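First up is the structure itself, then whatever we jot down about it.
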Amino acid sequence: MLQCACCAPIAAAAASLPFAIRAAPSKKTDLNAEQALQILRDGNNAFVQNRPRKVISDSKRRLELALGQTPFVVLVSCSDSRVPPELLFGRGLGEMFIVRNAGNTVDTTALGSIEYAVSQLGVPLVVVMGHESCGAVAAAVSVVENNTFFPGAIGSMIEPIVPAVLTAKAKGGTDLLADSVKANVKRTVDRLRAASEPALLEPLRAGNVRVVGAYYTLQDGKVDFFDV
């Protein structure tokens, strides 16, 4: 079998390990959904209090992860540079299976990623997290309020968010953007909970996975969980 030069160091490192270790399948997390959620809460509380958890990312940890990953949560989050999931929750390499896009929506690619993490990696918790001042949701609000047109892929990207804005607007709250962000999260949570594909349906029915929503406030760093 041909092997490129860039892969040689990895192959050499793997070859130096005992066969039993190299052949071992990836271990799944022992955590349940409640325990996973508490870890996220604790990590975020530390972040808010300016005492972030020290994570392990040395060569030993990287070598362990080369043999397989054991994440305990799937996080569907926004691509916004102000919302870095591992930092917000004080987690390190191999702990969070993250799906990010502008507006934290779930298309086919995102859904497939979630199903893979739950069905193949045994992840017990799925968190859908929106955030304060989300630009993608703000664009959807502008479509509803001002009939704004966004060209190219941007328009298609925010289209799934528009129904959430309409729902939030119908409730007549005082902060349409924040209400729309939360409504967008809730729509996605509800969609995942109503999954019909076995990869999600069976773990949900068996109580092996939980889907919850979350909202991140930029100014104080706090993540509030809802629909738990």
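Cβ from N, Cα, C; glycine included.
Listed in TrEMBL for this protein:
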BINDING   Cys78, Asp80, His131, Cys134  Zn(2+) binding site
SIGNAL    1-23  signal peptide
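When the binding-site residues Cys78, Cys134 are compared by the number of other C-beta atoms lying within 10 angstroms of their own C-beta, Cys78 comes out lowest. Shown in sequence order, Ser77, Ser79, Arg82, Val83, Ala102, Gly103, Asn104, Gly130, Glu132, Ser133, Gly135, Ala136, Val137, Val181, Tyr216 are the same-chain residues outside Cys78, Asp80, His131, Cys134 whose Cβ sits within 8 Å of the Cβ centre of the Zn(2+) site. Taking the Cβ of His131 (Zn(2+) binding site) as centre and 10 Å as the limit, one finds 23 other Cβ atoms among all the protein chains shown. In this view, Asp80 (Zn(2+) binding site) is surrounded by 20 other Cβ atoms within 10 Å of its Cβ, with every protein chain counted.
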